[in-house]
Amino acid sequence: MNNAFKDALKAGRPQIGLWLGLCSSYSAELLAGAGFDWLLIDGEHAPNNVPTVLTQLQAIAPYPSQPVVRPSWNDPVQIKQLLDVGVQTLLVPMVQNAEEARLAVRATRYPPAGIRGVGSALARASRWNRVPDYIHQANDAMCVLVQIETREALKNLPQILDVDGVDGVFIGPADLSADMGHGGNPQHPEVQAAIEDAIQQIRQAGKAPGILMANEQLAKRYLELGALFVAVGVDTTLLARGAEALAARFGAEKTDLGSSGVY
């Protein structure tokens, strides 16, 4: 067993990604052929569940793009279900401290290293027990990315980085800017300073920094600073703005809804 996304992060190769919120295996497969290194299937803010995640994993599987899945919460039961349908890389939201980071790691490991329930005879991940010695190989193939999105998490970042099994730390600029009192403005100098400092801390600890930023200039800036997994757009935004722009070119009134630049 291997995890190409985890291997790329370990090798220090920057990975460029796209956020998936349409909950569609059809659009997921379309985007899997677009050339992104990874695709984030969002279960926190998009209406995904285990069956819709599964169909998107199946759609992406023939392509080089690697799937990353964000559950709605740091919940071992939900994580267990996602791992059983074949998720290897998780982005766990709203991790505030080392204890919560350890819980996320333990949820992805079989005992005695963790608390993942054993049900490989029912699991796509083990090819229904057709993968030899799956239970003893699975732990090493897991990639755990934890998401820091508050001032509290930033304060606890050194301890989070000390947690064995955390492969990367993802900075959530939308929630972080809101928590810092600059909601809707992740480009505020105070927020940017916090993000840049966090990227440096994560790199110095030997972990992979990640972020979502649809602002191309800022996304490239984060890559220059050492971010290793950067999502540079969102499928819903690409579809909505592209459709609006096309309609506007043929006379439709264009409404400026504004954007934080994150999504």
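Any Cβ shown, glycine's included, is placed from N, Cα and C.
Features as listed in Swiss-Prot:
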type     : residues               : note
ACT_SITE : His45                  : active site, proton acceptor
BINDING  : Gln147, Ala174, Asp175 : substrate binding site
BINDING  : Glu149, Asp175         : divalent metal cation binding site
SITE     : Arg70                  : site 'Transition state stabilizer'
SITE     : Asp84                  : site 'Increases basicity of active site His'
Query raised in the report: Near Glu149 (divalent metal cation binding site), how many other Cβ atoms are within 10 Å of its Cβ?
Result: 21
Report summary line: Students should find that the Cα atoms of Glu149 (divalent metal cation binding site) and Arg70 (site 'Transition state stabilizer') sit apart, in Å rounded to an integer, by 14
Report task. Return the residues near His45 (active site, proton acceptor), defined as same-chain residues 6+ apart in sequence whose C-beta is under 8 angstroms from its C-beta, sorted by sequence, else 'none'. Result -> Gly21
Query raised in the report: From the Cα of Arg70 (site 'Transition state stabilizer') across to the Cα of Asp175 (substrate binding site), what is the distance in angstrom?
Result: 15
Report task. According to DSSP, folded down to helix, strand and coil, what is Glu149 (divalent metal cation binding site)? Result -> coil
Query raised in the report: Do you know offhand how many angstrom separate Ala174 (substrate binding site) and Asp84 (site 'Increases basicity of active site His') by C-alpha?
Result: 30
Report task. Please report the number of other Cβ atoms within 10 Å of the Cβ of Arg70 (site 'Transition state stabilizer'). Result -> 24
Query raised in the report: Taking the center of the Cβ atoms of Gln147, Ala174, Asp175 at the recorded substrate site, which other residues in this chain have a Cβ no more than 8 Å from that point?
Result: Pro93, Met94, Glu149, Ile171, Gly172, Pro173, Leu176
Report summary line: Arg70 (site 'Transition state stabilizer') falls, by three-state DSSP, under strand
